[in-house]
């Protein structure tokens, strides 16, 4: 029994460290944008692709990564993805130009899409009972804290200017962590025979990737390019591509084959509202942090270190609330506190408060998200059959990444077009309200019991 607990602990530590890397790297560029731009002589508008390129590639291939894990084995895809991510991180830290950095960030995102869906699948199929519930609690903590910790850590590293490398250690730090995760995966993750049919839905993958790219790229780049006509053409083409993906998946499933995203998942109790709630909840959070860091550095003159440390109260509140959420479930209260926090942030900006005046809002939103993320994850995946765990995890994580990607993209569009921080806060408040509205339906699904 003790040996089993140790093995389960090693599995949890390995998968959580990998999840932390993937989520942290979606935001580490935020605080370092000004330093990267100065070092590589690139405008901020171009460097925005270093953020959106990672998130877009990550989101584009998460469902594919989950499905490939079901077919070829979660352990194998996990190891391949972590190895690619670690190598790409090392190259990012040595990149001599903005163009190469952006390309390598896309490789990072693609690699993360291979290993990240395997995290929940490995937890779902390897751990049981209280051990699984604890792992899901830590996973919720990772999702909520990794982005904040990444920005704080980047601010510290940029300020310290380690060996005169400025922003580069933020990427190079991934290398020893990635190597440790690889070692843990090789020795700790169990080898299991895949249970899914060995057929890849290439048509579905192509339609999904096309639809998300047609939608995501013009939103990410349209403003900096002056909204040329092809941006609107791409957005228009995204609608039939995504509709085609949905109809193709239904047809593929009705023929007795396993599609990329099986429509049966949407009939699982709590799965649809849980996805929608996490998409809007975490999308609003990412958008809020993105524009807040730019505002306090650009308009208020804060240093990268101060901007990063300003997020610490949110991280502390999130961590404490997550621990409390393991003892009593307060999903509706958590989402309500999230709404209250953004309302405080909006009121603070309307009355001209500075960065320090946003700390109460950061504490309240941190507590609200800490109370809600883990219960939402637990209820969303509670009734998913084991043979669909990889696909379900991929779809859920795609929803989260879509929320983060489009939250940041739309927030950037709103902020840079209007120049009004308050308008951006109103956008985050609106997303928080939408997430709260999905809670009653997500609540209908039972929590994980084993």
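Backbone N, Cα and C define each Cβ position, glycine as well.
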With TrEMBL as the source, which of 28-46, 47-65 is set down as transmembrane segment?
47-65
Are there 3 or more C-beta pairs under 8 Å linking the transmembrane segment (330-351) with the transmembrane segment (422-439), counting only pairs at least 6 apart in sequence?
yes
Considering only Cβ pairs under 8 Å, which range in 47-65, 135-158, 330-351 makes the most contacts with the transmembrane segment (398-416)?
47-65
Candidate ranges 77-96, 170-190, 202-220 - greatest C-beta contact count to the transmembrane segment (47-65) (under 8 angstroms):
202-220
In the same chain, who gets a Cβ under 8 Å from the transmembrane segment (170-190) while lying at least 6 residues past its ends?
7, 10-11, 13-15, 17-18, 21, 25, 28, 32, 74-75, 78-79, 82-83, 85-86, 89-90, 92-93, 122, 126, 153-154, 157-158
Best-packed against the transmembrane segment (135-158), counting Cβ pairs under 8 Å over 202-220, 276-296, 302-323, is stretch 302-323
If you average pLDDT over the domain 'Major facilitator superfamily (MFS) profile' (11-443), what do you get?
82
